[in-house]
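Please read the structure below before turning to the comments.
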Amino acid sequence: MTISPGPSSLITQVTKNGTSLNNNETFCDNNDFSQQNNNLAEKSILLPPVRPNDYLKKCLIIDLDETLVHSSFKPVKNPDFVIPVEIDNIIHQVYVLKRPFVDEFLDRIGDKFECILFTASLAKYADPVADLLDKKGVFRSRLFREACVFHKGNYVKDLTRLGRDLKKVIIVDNSPASYSFHPDNAIPVQSWFDDVNDVELLDILPLLEELASVDNIYSVLRNCNENLRLIKNNC
């Protein structure tokens, strides 16, 4: 992934075959990237202290693009949201589709976890999307691209910077590169683009509900992810 300005620099996505977007479609900005490096040098804690109501809950990190929504600068049929974003004094429209069952998903996890939105996209796009997506305030905090580590061409979410016990942190993300520092904390999900029959968010709810009450997330997640690997290898 290389640095490339332009309107598409707002959003970090993968293609339908699972690869990172190419040079012209890679979503970065020189100024944001430079500032990000300065911020990372300080290795500061990303999250505020845990709220009293969340003290006994595990921390659930949730990705945005291709996990909860899919966004495009090209018009799409029946978008759920249209987000106007200003770039270089020009207003661009971002068309957003919600993944099937995302509302039910957020409703069911909201009281069980300390939910954090963590996206590699820029705040000027992702923040208004989250405002419209999360009407009930499920996300206690929102983290954006500047909170990521740029490592080997990818934006990685370093969970050690959250200020939370890693044994109580779970990340739901469609991009393995995003959780490459902490694969044992991850629930992988398939990238979503426009499949109206998708049920991925419903499928992972039983696992999340189990994780909310266990002492050791690692034993559960390792067993689950190993089973997923075996299924994929046999397909």
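The backbone N, Cα and C atoms fix where each Cβ goes, glycine too.
Marked as domain 'FCP1 homology' by TrEMBL: 53-211. This prediction places the mean pLDDT of the domain 'FCP1 homology' (53-211) at 97.
Residues annotated as active site, 4-aspartylphosphate intermediate in TrEMBL: Asp63. Annotation note: Asp63 (active site, 4-aspartylphosphate intermediate) sits in a coil segment as assigned by DSSP.
Under the heading active site, proton donor, TrEMBL lists Asp65.
If you take the C-beta of Thr119 (site 'Transition state stabilizer') and look for same-chain residues 6 or more apart in sequence within under 8 angstroms, you find Thr12, Asp63, Leu64, Asp65, Ala126, Arg142, Leu143, Phe144, Arg145. Among the features that TrEMBL reports, site 'Transition state stabilizer' is placed at Thr119 (among others).
Annotation comment: TrEMBL describes Lys157 (among others) as site 'Transition state stabilizer'. Counting only residues at least six positions away in the same chain, the Cβ atoms of Ile61, Phe118, Ala120, Leu143, Ala147, Cys148, Val149, Ile171, Asp173, Ser178, Tyr179, Phe181 sit under 8 Å from the Cβ of Lys157 (site 'Transition state stabilizer').
In this view, Asp63 (active site, 4-aspartylphosphate intermediate) is surrounded by 23 other Cβ atoms within 10 Å of its Cβ, with every protein chain counted. Residue density at Asp65 (active site, proton donor): 25 other Cβ atoms are found within 10 A of its Cβ, drawing on all protein chains shown.
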